[in-house]
Amino acid sequence: MTEDGIKWACEYCTFENWPSAIKCTMCRAPRPSGAIITEEPFKNRTPDVGSMEREIGSPLICPDSSARPRVKSSYSMETSSKWSCQICTYLNWPRAIRCTQCLSQRRTRSPTESPQSSGSGLRSIPGPIDPCEEYNDRNKLNIKGQHWTCSACTYENCAKAKKCVVCDHPTPNNMDAIELANTDEASSIINEQDRARWRGGCSSSNSQRRSPPTSKRDSDMDFQRIELAGAVGSKEEFELDLKKLKQIKNRMRKTDWLFLNACVGVVEGDLSAVEAYKTSGGDIARQLSADEVRLLNRPSAFDVGYTLVHLSIRFQRQDMLAILLTEVAQHAAKCIPAMVCPELTEQIRREIAASVHQRKGDFACYFLTDLVTFTLPADIEDLPPTVQEKLFDEVLDRDVQKELEEESPIINWSLELGTRLDSRLYALWNRTAGDCLLDSVLQATWGIYDKDSVLRKALHDSLRDCSHWFYSRWKEWESWYSQSFGLHFSLREEQWQEDWAFILSLASQPGASLEQTHIFVLAHILRRPIIVYGVKYYKSFRGETLGYTRFQGVYLPLLWEQSFCWKSPIALGYTRGHFSALVAMENDGFDNRGAGANLNTDDDVTVTFLPLVDSERKLLHVHFLSAQELGNEDQQEKLLREWMDCCVTEGGVLVAMQKSSRRRNHPLVTQMVEKWLDGYRQIRPCTALSDGEEDEDDEDE
């Protein structure tokens, strides 16, 4: 007893050292020079007021005689028989079978278990106690504020410690947002338990007449302690819960954290978190597991089996639904030529990178040296119907095809073009991230994705090196477009510069969505026109119109000389924030199709007629025209005829001719398509024959 009374406690690890030790035996910290208030004087003995003052020294918070009324201790005999709760240390009456504060079950004391010394010694003090001693728990709270409790092992560390000295767990301030949500809850339980112990260490009179909380924060913390203590049930269960959460976090990978952040982003309306998960290649149809729901710790928002789509519907995130629903629909098995032949695809990418050059002169824009147009092979029609259906399911985007054909007559609305002139357009499937525009442009030309961002780099470099040229066109076009809708306003030059800087930044960020200006620049890089067939309005998940899309129209390389460009355009489709390549199927190339069209081509050339009017026979808009080039429809039609090979069909439809040749096509692209098609040709023997005559025909062949 005497030796324990003269030991000194380390201010870092609270270990009790012998008085002759100048350093802590456990953590090697130097012995403090001043007095430190600890709980040790209250343990294992019955102190008097004089000894407490000698050992503790001056308290950190000591109210004067006017702060608290001087009262004598009462009910000492009754309080001495109270039992202390094992969870919150609250002193309950002997007849209580549950804790009044946290409702935890009273634990039966074993014969070998000794009573708690932290409270019994103080409860046996018979005489009156000074108010400074009575409210000394405030001093202890001050000391506790200088420490932080480890959420993994519940060890109390010094405030200066960056990590737990026992388990090396980092401080809560260094953890991620999702980890903080869990550790805050754990630390709140521990802090409330500590505060309850400090209250139990006070005098019997203070225990008997506890004053109500002095602030709203204290009452909120008490209410939270009651709820959490009732949920945990016991300290052992709480420690097991912390251990389980730590195991779950250790198993988490980067993709898992991105998925959880995306779920939180849907709930909080943060689209960037969802886009970050999409860009990383995450599965949009992924469901929340029980461990992930436990880690998120928000039962009101998350449930097992929920996907990002479920959360978007529940919290009415219409903008996210428009993107996510397209994503989920595309998780069917896809098999495009670029996926079947990775070696050839890499060679094609190297060919594209080698064909990118920069024009010398004032307009130093980048351009491609090769003219390549991708078309579906005509050999597809030789496959059995079941194999054809499988092929189209794996190479086409059925949702985009349906939206452009059935929901709105945007493509293939002319029976003359689709049937008699063999100019039916097919929407190819591609990635649905922010690179879909660049992917669709390369698919319409070379049949592959812009996986290495070769086209994006050329786009950004062209915008940077030719910024003055494109900026003047963009500014003039935006001003005219706003005035055409009756929006008469003027912007300061600083505002125009800020908007232009944002357009430049989008071009340099892989995965960032692109705008009309980028399509205009891509037309200059390809040196050929780009025709976009797209929906006219943005719509919500419920079908409500939100605004104009402004993407549909013709984009001409107006800043090049006409002699430097090709007149064969490519076609793209736009639906709900997504671009798709629109390609045709090879045809025989004969027959003078189209009134007034003198093709004069051999049988190897495929001619696709792309309409320059919509289903209402209105001329498509030509984007980024200057004030001198703007005019009525006749003047714009004349401009289109100058930049493209145009003709009028017998049905009176103004069309542009897209010409492609298998012999003139790049050999690597032809080889890639043939290898892809061979995979479907091998499926043919597995199909059932309809009758015996077909079997005989196959044998004759």
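Our numbering is plain: 1 for the first residue shown, then up by one each step along the chain.
Cβ coordinates are placed from backbone N, Cα and C, and glycine is handled just like the others.
The secondary structure of Cys436 (active site, nucleophile), as reduced to three states from DSSP, is helical. Among the features that Swiss-Prot reports, active site, nucleophile is placed at Cys436.
The secondary structure of His578 (active site, proton acceptor), as reduced to three states from DSSP, is extended strand. Look at Swiss-Prot and you will find His578 tagged as active site, proton acceptor, backed by similarity to another entry.
Taken residue by residue with DSSP, Cys24 (Zn(2+) 1 binding site) is part of neither helix nor strand, so it is coil. Among the features that Swiss-Prot reports, Zn(2+) 1 binding site is placed at Cys10, Cys13, Cys24, Cys27, with the record citing sequence analysis.
Look at Swiss-Prot and you will find Cys85, Cys88, Cys99, Cys102 tagged as Zn(2+) 2 binding site, backed by sequence analysis.
Around Cys167 (Zn(2+) 3 binding site), a 10 Å sphere centred on its CB holds 13 further CB atoms from the protein chains shown. The Zn(2+) 3 binding site annotation in Swiss-Prot covers Cys150, Cys153, Cys164, Cys167.
Residues annotated as compositional bias 'Polar residues' in Swiss-Prot: 108-121 (among others).
Taken from Swiss-Prot, the feature compositional bias 'Polar residues' applies to 202-214 (among others).
Per Swiss-Prot, region 'Disordered' is recorded for 108-129 (among others).
Sequence annotations record features per position, and here Swiss-Prot assigns region 'Disordered' to 197-220 (among others).
As annotated by Swiss-Prot, repeat 'ANK 2' applies to 306-333.
The annotation zinc finger is assigned in Swiss-Prot to 3-33 (among others) on the grounds of sequence analysis.
Per Swiss-Prot, the feature zinc finger maps to 79-108 (among others); the stated evidence is sequence analysis.
What Swiss-Prot lists as zinc finger is 143-173 (among others), and the listing cites sequence analysis. Across all of the zinc finger (143-173), the predicted model scores a mean pLDDT of 77.
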Sorted by sequence, non-Cys10, Cys13, Cys24, Cys27 residues with Cβ within 8 Å of centre, Zn(2+) 1: Glu11, Tyr12, Thr14, Phe15, Asn17, Thr25, Met26, Arg28, Ala29
Cys164 (Zn(2+) 3 binding site): tally of other CB atoms within 10 A of its CB: 20
Nearest of the recorded positions (Cys10, Cys150, Cys164, His578) to Cys102 (Zn(2+) 2 binding site), judged by Cα-Cα distance: Cys150
Among Cys24, Cys27, Cys85, Cys153, which are binding-site residues, the residue with the most C-beta atoms within 10 angstroms of its C-beta: Cys85
Proximal residue to Cys436 (active site, nucleophile) among binding-site residues Cys24, Cys27, Cys85 (C-alpha distance): Cys27
Integer Cα-Cα distance in angstrom, Cys153 (Zn(2+) 3 binding site) to Cys24 (Zn(2+) 1 binding site): 21
Between Cys164 (Zn(2+) 3 binding site) and Cys27 (Zn(2+) 1 binding site): CA-CA distance (Å): 12
Tally of DSSP helical, extended and coil residues in the zinc finger (143-173): 4 helix, 8 strand, 19 coil
Number of other Cβ atoms within 10 Å of the Cβ of Cys436 (active site, nucleophile) across all protein chains: 24
